[in-house]
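In Swiss-Prot this protein carries:
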DOMAIN    1-189  domain 'Glutamine amidotransferase type-1'
ACT_SITE  Cys78  active site, nucleophile
ACT_SITE  His164  active site
ACT_SITE  Glu166  active site
DOMAIN    190-378  domain 'GMPS ATP-PPase'
BINDING   Ser217, Gly218, Gly219, Val220, Asp221, Ser222, Ser223  ATP binding site
Amino acid sequence: MVLVLDFGSQYTRLIARRLRELRAFSLILPGDAPLEEVLKHRPQALILSGGPRSVFDPDAPRPDPRLFSSGLPLLGICYGMQLLAQELGGRVERAGRAEYGKALLTRHEGPLFRGLEGEVQVWMSHQDAVTAPPPGWRVVAETEENPVAAIASPDGRAYGVQFHPEVAHTPKGMQILENFLELAGAKRDWTPEHVLEELLREVRERAGKDRVLLAVSGGVDSSTLALLLAKAGVDHLAVFVDHGLLRLGEREEVEGALRALGVNLLVVDAKERFLKALKGVEDPEEKRKIIGREFVAAFSQVARERGPFRFLAQGTLYPDVIESAGGHGAAKIKSHHNVGGLPEDLEFELLEPFRLLFKDEVRELALLLGLPDTLRLRHPFPGPGLAVRVLGEVTEERLEILRRADDIFTSLLREWGLYEKVAQALAVLTPVRSVGVAGDERKYGYVLALRAVTTEDFMTADWARLPLEFLDEAARRITRRVPEIGRVVYDLTSKPPATIEWE
């Protein structure tokens, strides 16, 4: 177990994920967690994350100083290195010039850099700088701009690095993290097989012979959860609410795959109910609230008619847990659609087997449980479905237009081998009509926007650089096969400033 103490870095979750990729279990705690809270987890090593603050700020977040004399192996990254150096008597100064972007380690030595030869590219992002290590510590790496790029304690159990080994822009960063894990003697048994074994044991012990209810959306999290319950042999009912806002053939695909793998699945046809409630509504937030309300009503009806159930299983992931426990206010970006808001007379105990897992770990479990790749590798899809990709009022006619266009875009991505190279791809039907030409006549057709992004964690995202030849083929095929669409555009906006979805 390795604990990552979070000082506000945008890369904190990435550090935890990288450690798990190296098969070391990791958890994230607030940077100011007291020593007692840290030791309760029985960690084999600690990592102090980076952060946006300066160690000279009066209210800068700081760790419990007792951590530095706890004897635990320690790695400070960027701001974490500056905290470590300052606390132990080194010298930290406000840098005359900030160091951002790629840099080269022109010198590196010692076991933390074992296996690395020559100049090593790293990613810097700091303003303050350690200019002298603590007494007895050694400088073990430097760049042309920074003579103190990494430091090591006298006993070789604690290190600080001014760069970010966790990011892709430090190509040998995983080797550095792996070296630290070896130096710390951290256990490396966090394999998908081990995780599955532990989850099956947990679910069987917790649920016993009691009944479990869960909602299935067709996404990888809920589908994998349904398979886990089936594999564990617990008495479960998976409810798939067809709200009429699904993609082309989605209901049939989900139904066929899950039933074939032993999931006790109930499909609720609620298309008419949802479309009636959405009639005339154009505001995106209002659409989300209506869909959430109607989903709860449909799901609650099943719970009453098929109950009683003791447990409600949910596919809550570790990032959800981190955000809930963060304690730092954040502006509401969008209303989130979930099974929350159930009536008070429906009381369940929550069963959340994935609460300590990241999305990529759930995908690994899905592979072990036999979930077809068409579902396992499926891009994220919003709970409100196509309702937030049909801008303006949602009608059956506009949904059908979008379904056909979206299917063409997705199929073409697969044909070109691009689907798995982007994190999310979608089509958006705008309420704008544009003039075009059909034969010798002018016609007005809808404007369709295509969007594809690449991202590590969905917190930020970059627009995908799809080949122009691909985009040309997509536009031609869509306008040819979906005559209601007269113009196709491609969204070049990253997140931020935009969100991935348009609504």
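Along the chain as shown, the residues are counted starting at 1.
Positions of Cβ are set from backbone N, Cα and C atoms, glycine also.
Source: prediction; values computed, not measured.
In the three-state DSSP scheme, Asp221 (ATP binding site) is classed as helix. Between the candidate binding-site residues, Ser217, Ser222, Ser223, the densest Cβ environment within 10 Å is the one around Ser223. Long-range C-beta contacts of His164 (active site), restricted to its own chain and to partners at least six residues apart, with a cutoff below 8 Å, comprise Tyr11, Gly50, Ile77, Cys78, Val122, Trp123, Met124, Ser125, Thr170, Gly173.
Annotated pair Asp221 (ATP binding site) and Glu166 (active site), C-alpha to C-alpha distance, rounded: 25 Å. The number of other Cβ atoms within 10 Å of the Cβ belonging to Gly218 (ATP binding site), over all protein chains shown, comes to 21. In this structure, the C-alpha atom of Ser217 (ATP binding site) lies 33 angstrom from that of Glu166 (active site). In the three-state DSSP classification, Glu166 (active site) falls within coil. Of all the Cβ atoms in the protein chains shown, 20 others lie within 10 Å of the Cβ of Asp221 (ATP binding site). When the Cα atoms are compared, Ser222 (ATP binding site) and Glu166 (active site) turn out to be 29 Å apart. When the Cα atoms are compared, Glu166 (active site) and Val220 (ATP binding site) turn out to be 26 Å apart. Cβ-based crowding with a 10 Å cutoff singles out Glu166 as the top-ranked of the recorded positions Cys78, Glu166, Gly219, Val220. Of the chain residues outside the ATP site list Ser217, Gly218, Gly219, Val220, Asp221, Ser222, Ser223, Val216, Thr224, Leu225, Gly315, Leu375, Arg378 have their Cβ within 8 Å of the site's Cβ mean position.
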